[in-house]
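Visitor: Have a look at this one before I ask anything.
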2 protein chains.
Amino acid sequence: MKALGKHILVEFYGCDKDVLNNSKLLDKEMQYAAEISGATIINSTFHTFSPYGVSGVVVIAESHLTIHTWPEYGYAAVDLFTCGDTVDPWIAFEHLKKILKATHTSTIEMKRGQLNDIKGELRHKPENAII
Amino acid sequence: MKALGKHILVEFYGCDKDVLNNSKLLDKEMQYAAEISGATIINSTFHTFSPYGVSGVVVIAESHLTIHTWPEYGYAAVDLFTCGDTVDPWIAFEHLKKILKATHTSTIEMKRGQLNDIKGELRHKPENAII
């Protein structure tokens with residue numbers, strides 16, 4: 001059965017605490033991760049919490065990448081949700097693993113939108129989508 | 001073992017196609033779903049695709065709610081990711097199920113950030129966080 005999208009849930013442990021607390025850097029690197037995966041970025045929104053922690057979302061035409069960090073635990077929860085056949089979220093995973101300097105990771109890949117009646121090439125949105 | 005957050009992955013099938021394509025309504029109802037769950041909204045961003053489909057994210061202090069819709073399949077992929085002990089994402093689920101008029105659903109609840117050393121009451125960010 002075909003699925004509309006794939007969704008990787010990532011736990012990054014043992015990360016660099018300064019990186020986890022650097023909203024500007026995370027925004028840049030999450031957008032770069034989207035780009036090298038083949039995604040089309042629509043926008044991004046990142047927030048820094050006081051005294052620490054960052055939440056960020058990169059909305060892509062093919063769904064989204066998100067990150068939530070807990071510098072106090074050296075931990076980040078990352079979601080890489082992509083649709084269509086042209087984006088590879090594992091490229092984003094490898095990039096973020098390196099940037100966060102994670103010592104260990106846990107990943108689960110889920111299929112989203114498993115439907116019987118999907119026809120033709122898989123895209124998140126029709127080819128001529130205006131974004 | 002304690003976890004920092006809970007994440008519900010929802011597949012909504014058999015939804016009302018007009019609702020799935022109504023970005024303004026989905027933005028309002030996703031924000032309302034966040035509110036009644038006990039979450040603190042930081043911002044939201046919704047996009048309408050041509051000829052159809054909506055992607056939206058509500059960033060909350062306790063992580064995020066997202067939706068991606070495929071009106072052509074009557075399908076929406078929804079993620080309800082909340083942290084801390086004070087937010088109940090299942091309230092958001094019930095509200096969205098009603099709004100989307102889903103005929104059937106599939107849900108998986110995942111624990112995020114399972115750590116040995118979590119101490120005290122669970123919050124996404126420290127109590128005095130500036131958001």
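Every residue gets a Cβ built from N, Cα and C, even glycine.
Bear in mind that the values here come from a model prediction, so they are computed numbers and not experimental data.
These came from TrEMBL, pasted as-is:
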- A:Ser63: active site, schiff-base intermediate with substrate (ACT_SITE)
- A:Ser63: pyruvic acid (Ser) (MOD_RES)
- A:His68: active site, proton acceptor (ACT_SITE)
- A:Cys83: active site, proton donor (ACT_SITE)
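So that I understand the layout, could you describe where these features sit and how close they are to other parts?
Guide: All protein chains shown were included, and the count of other CB atoms within 10 Å of the CB of A:Ser63 (active site, schiff-base intermediate with substrate) stands at 26.
All chains included, 28 other C-beta atoms sit within 10 angstroms of the C-beta of A:His68 (active site, proton acceptor).
The Cβ of A:Cys83 (active site, proton donor) has 26 other Cβ atoms within 10 Å, all protein chains considered.
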Visitor: Can you tell me how far the Cα of A:Cys83 (active site, proton donor) sits from the Cα of A:Ser63 (active site, schiff-base intermediate with substrate), in Å?
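Guide: Between the alpha carbons of A:Cys83 (active site, proton donor) and A:Ser63 (active site, schiff-base intermediate with substrate) there are 6 Å.
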